[in-house]
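Take a look at the structure below.
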Number of protein chains: 2
Amino acid sequence: MADAAGAAPRRKPVKITKDNVSDLMAQVDAFVLDCDGVIWTPLATGMYPKAEEALDRLRGAGKKVMFVSNNSFHPPQEKFKLMGYPVSEDEVVVPSTVIARYLKKRGFEGQALVLASETFKRTLQDQGIDVVQRTAEDHPEKIIEFLRLVGKDAGKVKAVIVDFDLYLTGLDLVKAANYLREDPECLFFACATECNIPVGGKICLGPGYWTEIVERASGRKAQWVGKPAPMMVTEFLKDAHQLDMARSIFVGDSLEQDMGIANNCGMKKLLVLTGMTAIEDLETCDPNLIPDYYIDSVADLGRLLPKA
Amino acid sequence: MADAAGAAPRRKPVKITKDNVSDLMAQVDAFVLDCDGVIWTPLATGMYPKAEEALDRLRGAGKKVMFVSNNSFHPPQEKFKLMGYPVSEDEVVVPSTVIARYLKKRGFEGQALVLASETFKRTLQDQGIDVVQRTAEDHPEKIIEFLRLVGKDAGKVKAVIVDFDLYLTGLDLVKAANYLREDPECLFFACATECNIPVGGKICLGPGYWTEIVERASGRKAQWVGKPAPMMVTEFLKDAHQLDMARSIFVGDSLEQDMGIANNCGMKKLLVLTGMTAIEDLETCDPNLIPDYYIDSVADLGRLLPKA
């Protein structure tokens, strides 16, 4: 390798302190926050200490506060409610609500094959979308009978949606692959990206596996909705909430998902260190994911702001 | 690239003709045949013309005739029976019978989690192996309830077997991954290797996908039983039938699976051109897979032999 002496120096994020917090506040109208690792830990039953105060102080300073999460299974508004800090549904963006909105806005007709949780399906149904029902089918051993089951909804399904689905079946995957293969107009959305998800000492299998299989078997590429894809921000925050991206900041703990979506949408980037990223990770990460600012925790951000 | 003039010449297979067929017969005691593409086409209801006569003439010449297939779902003995040419079960080797034999021989105790067809499960049960039954479970949406289902057979399952399974569920895959991850003694067998299987104008999803997911999620590597892995030959033909590998020839249409298993077991290799391989493919294939002999069809092999 050539000597790196001539290379441009690696950009460094600015730590937010009492000396520069007012500069930041002057530049930003909206704080868009991830939740897992920022407001709470994934399995927690309460928010991080002083996270509530931080949100209150941001609001008190006249800032718009929004939450963007890949978790359509337990959407943040439910968790906030359980934790005694209710937020409006309008302040929360998850893939299921964005897809529901997207389909409704475009007058979607036809059925949706949804490899996801019942919560996810209800979100679509609440918007009038016809979701293919999974029935307790007979399990004939003859392939011809299996193909009859696969063919049952063929031609009617105009959208395939893949997310976290505990009870997915091989039949679902075969249906998804064939409908997408046979109908280039059939939409194909993928939400969360995880493959191996550790939960309660076990490994659960995430939607990353299912999306990959459906892509390989259908020859189609999914349209990603979850972070770091920009769809949740462009379809919702920008379009429905008219946020000015240049005056919005994404607050997250993950480089790839959170700093990634901010980077993909032209938002400012604020990293908190209460989740999956350590400050040392910035020395080796993709330079596009280096945040503009960092701070130890959301609580610390609150502490720097005046009381609401 | 350097000029290839100095490279060793590529080995060429010998076409079997009336001039050399008796040399071949003098060197070989056992003909081990693949079925799909050799005896019949996968979806056919009858054998290739004159295939029956060829098998009769091989037997008439005093040769042992065996059939090795990766298809435990519709094992060749069933297809032979339907076609009016019954063969003995003892002459047929498929992954399910080899695994059943392997487990029985080693006094396997514990349960087997079998991601495969009912036919496959019955083959194991006929040998006294306790197969985990798939029940119509409730589908609670809470992860804690899902984990209870995953945990139900934990500790009892001592073998995970993955093959062609039309009705596989995500729960099966999560169970498989966790049992293998938690118990290094739990055996892990994978049978057929296919991913996308075209059937009746649709794409079915094959066991290659399921094996890959279970391997990635468990951090374990499956022991392959199907061709080209040597297990079907070494466990059965060599061990149970005492075949001398050096005096046995594998007759198949696939380079990777058929010539592959022959290569991995020290058998002679005979390629037929009625299936998935054209003679031109030999110019570019892995040199280890180049057959010793080739012939247009099994029928032609029969024609070169005297009447039984």
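Backbone N, Cα and C define each Cβ position, glycine as well.
Caution: TrEMBL annotation is automatic and unverified by curators.
In the structure as shown, the Cβ atom of B:Asp34 (active site, nucleophile) sits within 10 Å of 24 other Cβ atoms. What TrEMBL records for B:Asp34 is active site, nucleophile.
B:Asp36 (active site, proton donor) falls within a strand segment according to DSSP. Summarising the annotation, TrEMBL assigns active site, proton donor to B:Asp36.
Annotated Mg(2+) binding site per TrEMBL: B:Asp34, B:Asp36, B:Asp253, in sequence order.
In this view, B:Asn70 (substrate binding site) is surrounded by 26 other Cβ atoms within 10 Å of its Cβ, with every protein chain counted. Feature annotation from TrEMBL assigns substrate binding site to B:Ser69, B:Asn70, B:Asn71, B:Lys227.
For the Mg(2+) site, the Cβ centre of B:Asp34, B:Asp36, B:Asp253 serves as reference, and the other residues of the chain with Cβ at most 8 Å from it are B:Cys35, B:Gly37, B:Val38, B:Ile39, B:Ser69, B:Gly252, B:Ser254, B:Gln257, B:Asp258, B:Val272, B:Gly275, B:Met276. For B:Lys227 (substrate binding site), the same-chain residues 6+ apart in sequence whose C-beta sits under 8 angstroms from its C-beta are B:Asp34, B:Val68, B:Asn70, B:Ser254, B:Gln257, B:Asp258, B:Gly260, B:Ile261. Local packing around the binding-site residues B:Ser69, B:Asn71 was summarised as the count of other Cβ atoms within 10 Å of each Cβ; on this measure the leading residue is B:Ser69. The full span of the recorded substrate binding residues, B:Ser69, B:Asn70, B:Asn71, B:Lys227, taken as their largest Cα to Cα distance, is 10 Å. On a Cα basis, B:Asp36 (active site, proton donor) lies 8 Å away from B:Ser69 (substrate binding site). Between the CA atoms of B:Asn71 (substrate binding site) and B:Asp253 (Mg(2+) binding site) there is a gap of 15 Å, rounded to the nearest whole number. Counting every protein chain shown, the Cβ of B:Asp253 (Mg(2+) binding site) has 23 other Cβ atoms within 10 Å.
Counting only same-chain residues six or more apart in sequence, the Cβ atoms lying under 8 angstroms from the Cβ of B:Asp36 (active site, proton donor) belong to B:Pro42, B:Ser69, B:Asn71, B:Asp253, B:Gly275.
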